[in-house]
Amino acid sequence: MKFGKSVCILNVGGTKYTFPRDVIKDFPLRRVSRLHSCASEKEVLEVCDDYDRERNEFFFDRHSEAFGFIMLYVKYGKLRFVPQMCELSFYNEMIYWGLESSHLEFCCQRRLDDRMSDTYTYFSEEDTKAEDEARGHDVLERPAAAAAAAGAHRGSAKWLERMRRTFEEPTSSVAAQILASVSVIFVIVSMVILCASTLPDWKTAENKSVEEHRIIEAVCIGWFTAECIVRFIVSKDKCEFVRRPLNIIDLLAITPYYVSVLMTVLTGENSQLQRAGVTLRVLRMMRIFWVIKLARHFLGLQTLGLTLKRCYREMVMLLVFICVAMAIFGALAQLLEHGLDLEMGNEDYASIPAACWWVIISMTTVGYGDMYPITMPGRVLGGLCVVSGIVLLALPITFIYHSFVQCYHELKFRSARCTRSLSAEFLN
């Protein structure tokens, strides 16, 4: 901040807060910290609603009581809802000041998730417009002499942005929906061919019509390759494009085909190298990654992936619970079923690793029936194992469920926001 006094006053809904100017720079609230980088009064007015230069006072026409609770979070690190205030309204205030639902205490996160599940809403279109105006501010303020060059650049950038949205956002336009439908059809066709190719009858028929199968497979691979190349060309950040998980999966799904073709050319169709044959079969099965491409077009799969990403701690905790239970019940089962009577013991429990297999299928209530205890102490242990499995598996499920609901609404909001912005652009 290159203007005003050394003390800044934030006036939020009539309630004033005084801070040193240096504190504003690293303020935990993103909207407040943006004031430090403002070089003119005009830039300040893009962040706040009004500004008094004489008193160096910034006015925000927002809910004062909600901001008071947000300031308590800044001071003590705990964020809770304002009593007798709508959860969605408070969440809207949080978004305005630059906070997310993850900053809330767990009890308040559950309240927000339940409310969002009951009533879905769009948050703060006013903020969306403000962000769009901020992005376009530098374009509107350019000198008239550079208008022609800027117009050509904007036209090219606008075309690239439309192409990017067409390939990246299936709900952005009719063309994007058609492209997504075609891509889904190719994924389904490739999956059907891959699965059917393992059937004995299909292998017999394949010897008679090898060329037709290869042509269909090559067309599918050609479509996936072209789609991946175009998306790479129109992407904004090439490095970020390469690091995205879905793009890595696309590469893993496409590469085995070209590697298998190259190995077939180098080693021959009827190669006697057994290793090459095994490698080709492994590479062929790696094409099952194609099915993950459906996550690009279906909100449910995207929600699942985002939930697993955010709940990795709970997933690790679940695995730790299972491993500890496997070690305890596996050792006890081996002792009760085999260790106490080596001659007449149950041979299915001859080792602890074998008993651990019984523990995992019992805790998950699968029960294949391939092995089971025959002694009375072993059966009692089996009952305890099943009950313990139900309890241990249920403990982290609550965390994962609420995270899934939150991720679903976030992705649904992003999709709806994209659709609304493109509709407005089309009407204008």
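Glycine is treated like the rest: Cβ placed from N, Cα and C.
If you check TrEMBL, you get these features:
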DOMAIN    9-107  domain 'Potassium channel tetramerisation-type BTB'
DOMAIN    177-410  domain 'Ion transport'
TRANSMEM  174-194  transmembrane segment
TRANSMEM  214-234  transmembrane segment
TRANSMEM  246-268  transmembrane segment
TRANSMEM  288-308  transmembrane segment
TRANSMEM  315-336  transmembrane segment
TRANSMEM  348-368  transmembrane segment
TRANSMEM  380-404  transmembrane segment
Contacting positions for the transmembrane segment (380-404) when only residues 6+ beyond its ends and CB under 8 Å are counted: 109-110, 113, 303-304, 307, 310-311, 314-315, 317-318, 321-322, 325, 329, 332-333, 336, 359, 362-365, 372-373
Other parts of the chain folded back onto the transmembrane segment (174-194), taken as Cβ under 8 Å at six or more residues beyond its ends: 165-167, 213, 216-217, 219-221, 223-224, 227, 284, 287-288, 290-291, 293-294, 296-297
Range from 246-268, 288-308, 348-368 with most C-beta pairs under 8 A to the transmembrane segment (315-336): 348-368
For the domain 'Potassium channel tetramerisation-type BTB' (9-107), residues assigned helix / strand / coil by DSSP: 49 helix, 19 strand, 31 coil
Residues of the parent chain within Cβ reach of the transmembrane segment (288-308), under 8 Å, 6 or more residues beyond its termini: 170, 180, 183-184, 187, 190-191, 194, 224, 245-246, 249-250, 252-253, 315, 400, 403-404, 407-408, 410-412, 415
Average model confidence [pLDDT] within the domain 'Potassium channel tetramerisation-type BTB' (9-107): 86
